[in-house]
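Colleague: Structure incoming, see below.
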Amino acid sequence: MKGLDTNLRLQASPQLSNVFLPKRLTLVRNLNFRSSSSSSPAMLKLFSSRVHHLTPAIRPGPRSSVDSPLFKALSQLTGLNRRSSSLGHRVFFCSDSASEAEAAAAEVAEAEAKVAEAEAEVADSKSSSAIVSTNPKPEDCLTVLALPVPHRPLFPGFYMPIYVKDPKVLAALQESRRRQAPYAGAFLLKDAPSTDSSSSSDTEKNISELKGKGLLERLHEVGTLAQISSIQGDQVILVGHRRLRITEMVSCEEPLTVKVDHLKDKPFDMDDDVIKATSFEVISTLRDVLKTSSLWRDHVQTYTQHIGDFTYPRLADFGAAICGANRHQAQEVLEELDVHKRLRLTLELMKKEMEISKIQETIAKAIEEKISGEQRRYLLNEQLKAIKKELGVETDDKSALSGKFKERIEPNKEKIPAHILQVIEEELTKLQLLEASSSEFNVTRNYLDWLTILPWGNYSDENFDVVRAQQILDEDHYGLSDVKERILEFIAVGRLRGTSQGKIICLSGPPGVGKTSIGRSIARALNRKFFRFSVGGLGDVAEIKGHRRTYVGAMPGKMVQCLKSVGTANPLVLIDEIDKLGKGHAGDPASALLELLDPEQNANFLDHYLDVTIDLSKVLFVCTANVIDMIPNPLLDRMEVISIAGYITDEKVHIARDYLEKNARGDCGIKPEQVDVSDAALLSLIENYCREAGVRNLQKQIEKIYRKIALKLVREGAVPEEPTVTSDVEEAEIVAKLDVESPEKDAAKELKEEEAETKKIAVEKVMIDESNLADYVGKPVFHAEKIYEPTPVGVVMGLAWTSMGGSTLYIETTVVEEGEGKGGLNITGQLGDVMKESTQIAHTVARKILLEKEPENPFFANSKLHLHVPAGATPKDGPSAGCTMITSLLSLAMNKPVRKDLAMTGEVTLTGRILPIGGVKEKTIAARRSQVKTIVFPEANRRDFEELAENVKEGLDVHFVDDYGKIFELAFGYDDKQQD
């Protein structure tokens, strides 16, 4: 059909990909619809630009081709019909078969037929002349230069710029162009066998190094005959014409020249439904892809300009060329000569490209919505601020902030130090000059917030009533007389002076003795605010001294946060676990605490964030530690240490009765009359389950008992269920409303109440004694520490101190081997270095004493001994077992056991002097627990023992010695009959 001419204006984009020349093209194309009788293959023309003008000549009558189905299909295909924009819309392909469009076109006026035919011929000549004609035809080129293409294959009808570094190859190309034979073969380069991937510079370097046969082996066999469009320096512009296959190498000299065969597509049936359907889907997908980018629409214009109308093979080549497939997939399409298979491969690549385009569009839309939403919110906020400011509803942000800060300091302005007021005024002035959007504005605002919220000069009213304070301390804790006495002294001094000063007290002792809880009780007794923070594992100085304000997210130190939290300048601050301070790359916190805990310096404590001095002289600091040996000496020197050794059995019984049992019973919702725990049960619980110095484990065991009792009471029905109580109450209300009096009902009710009361008494009373204690807490954990009864030869009981309290420690010695000159000593028991040295000292002193007592006894000279300290899995160290080791060695040497129920402790020198030791109270408690009656302490520890409570010392025979001779008399100077 030749009577339909439509003038379309097609403009190429100024930005083309690397496969097209960067030039703007403006052309006028004609839509030509061949009649079904024509022998030429079916043509399909894709257009992507908008139709600006449609001449009246295409609508000559009521059955114009504009209204034909064929024109509508092409309109949808080429984008002419902009109203049909559905992505899934089916487009149609024009073939040689007769159609309704051709029938409609036959009705065009005969007068215009010749004119239309002439115009069509002109258009065909223009289309065919898009590729520059040369003297030798492309099909005559049987020998061509082989040019390697590194990234993607060149498809027919497409431009490709390549860079030729080899001057010989570049000269050969220029010579071919001068001879009017500007053709070469473009072949994709295969991947290098040694490397998986390389950069573009490395690829170009590798290409330039390939010569002759080596280059031929790296080239794919199938390539493209390319016309040399232009040469600018080392850049050569190639235009693809047709497919080639390398048959053989002509010459191995540079440049590489090969013989080629021109490949033709395999024959195919143009009317095949499968090919048509595949092409329809490619066109539909291609149209959707072209909608997403104007650059791809320009590809269509350039392609049709240089290659002519679309056919099935050209459609497949075009789709594969413009998509973003990798080099191997594109080469596979280039090598495929079966048109149907090529269309299917192209369709797969186009579908992938469409999915990528959708994802890209989704990402772009999401980002655009986010940006537009933020801009809209910003504009609305600014408008709201302006409206409020005009109406007087709200003042400017800076004015409101300044007013808030001034309101904070106004009530206590007279108490605030002058240098603090000066800093606040300067910062307020600075705040007014800063823009609200600047980062410095936020820094200044936060700084003013902290400065104005601190309780400058605000002190809480203290309690100077000693009797009331004593009452509060006794309510919360049993024992701890040293701590209570020190707090009462502090209150008494404050009462006499009329004001109190801050102090630094350190409570040291094993876990569970009440160090942390006593701090809260002290605050309640003094009527002070309480603040606690733990420094265990702290490795950053900024936690104590604060960060510099220049850092992002800077904050003041713990003390400034404490003052803000409590709202007073004289709180009680409990610093927990001070013996477990860390030390990291951010400094040494122990050194930072020196200023905080020094009474002479903390009156002018300087926080790095505030950068102004703070008076902490009124703060009472209470620190807790398990072992004071872990505290640095300069820090320990600033604190007043009060040791809390632990509790003996009697004290634990009182604590369990008066404190722990009441709390556990209340927490479990059990009434006192429902449970009866005997004293024997508590004593057995303490001796066999909770021997540690503290009462934390005892508290857990008591809570465990009461939980089991609560479960038992609920299971046995001691507690009435909710619905029953509700129904009884409702029934009573109904009876009261009706005012019904029935003697029979009253008698039945009284009988029912008596039965329920009897059942209640029978079920709810739970007795806990020593016999059934194991049913609630399981089998005993501890057994008697006394392993030997009586003590055999070579075994002596010592006393040791641990972080959990005191413990008994046996020293065992036995003979391994005897013989002339075989004297020696082996030691085991996981002993530390100090304890190993004590064994050597003990061995020397024992040989000396044995020589004095029994000169004829050669035991140590001829006996190889083995000294062991059980238990082997427990690490042990310290010098206080020296006298115990000597006694064990002498007992074995003289073959005589030591006195019954004897325990000793003390460090020994080489001359036999006994030096003082630590942990007297803990060791005394451990001896009482093991039912030891006679204890040996160094003379220098007499005062420590006399300071113990009477109930601790009761029933003990304690000997204080300063020389080992006295210990020898106590251990071995007994009558055998008396020992028995």
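Count begins at 1; order follows the chain as displayed.
Every residue gets a Cβ built from N, Cα and C, even glycine.
Nobody curates TrEMBL annotations by hand; they come from automatic prediction.
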Colleague: To which of the residue ranges 94-128, 549-583, 759-793 does TrEMBL assign the term coiled coil?
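Modeller: Per TrEMBL, the stretch marked coiled coil is 94-128.
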Colleague: Among THR516, SER880, the recorded positions in question, whose Cβ has the most other Cβ atoms within 10 Å in this structure?
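Modeller: Of the recorded positions THR516, SER880, the highest Cβ count within 10 Å belongs to SER880.
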Colleague: Using the centroid of the Cβ atoms of GLY509, PRO510, PRO511, GLY512, VAL513, GLY514, LYS515, THR516 as reference, list every other same-chain residue with Cβ within 8 Å of it (recorded ATP site), in sequence order.
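Modeller: Other same-chain residues near the ATP site: LEU507, THR624, ASN626, ILE644, ALA693, GLY694, ARG696.
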Colleague: Of these binding-site residues, GLY509, PRO511, GLY512, GLY514, which scores lowest on Cβ atoms within 10 Å?
Modeller: PRO511
Colleague: Please report how many Å separate the Cα atom of GLY509 (ATP binding site) from that of LYS923 (active site), as a whole number.
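Modeller: Cα of GLY509 (ATP binding site) to Cα of LYS923 (active site) measures 14 Å after rounding.
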Colleague: Would you mind reading off the Cα separation of THR516 (ATP binding site) from LYS923 (active site), to the nearest angstrom?
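Modeller: About 24 Å separate the Cα atoms of these two residues.
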Colleague: Within 10 Å of the Cβ of PRO510 (ATP binding site), how many other Cβ atoms can be counted across all chains shown?
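Modeller: So the Cβ neighbour count for PRO510 (ATP binding site) comes to 23.
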Colleague: I'd like the Cβ neighbour count for LYS515 (ATP binding site), meaning other Cβ atoms within 10 Å of its Cβ, all protein chains included.
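Modeller: A 10 Å sphere around the Cβ of LYS515 (ATP binding site) contains 26 other Cβ atoms.
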Colleague: Report the mean pLDDT of the predicted model across the domain 'Lon proteolytic' (790-974), rounded to a whole number.
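Modeller: Averaged over the domain 'Lon proteolytic' (790-974), per-residue pLDDT gives 88.
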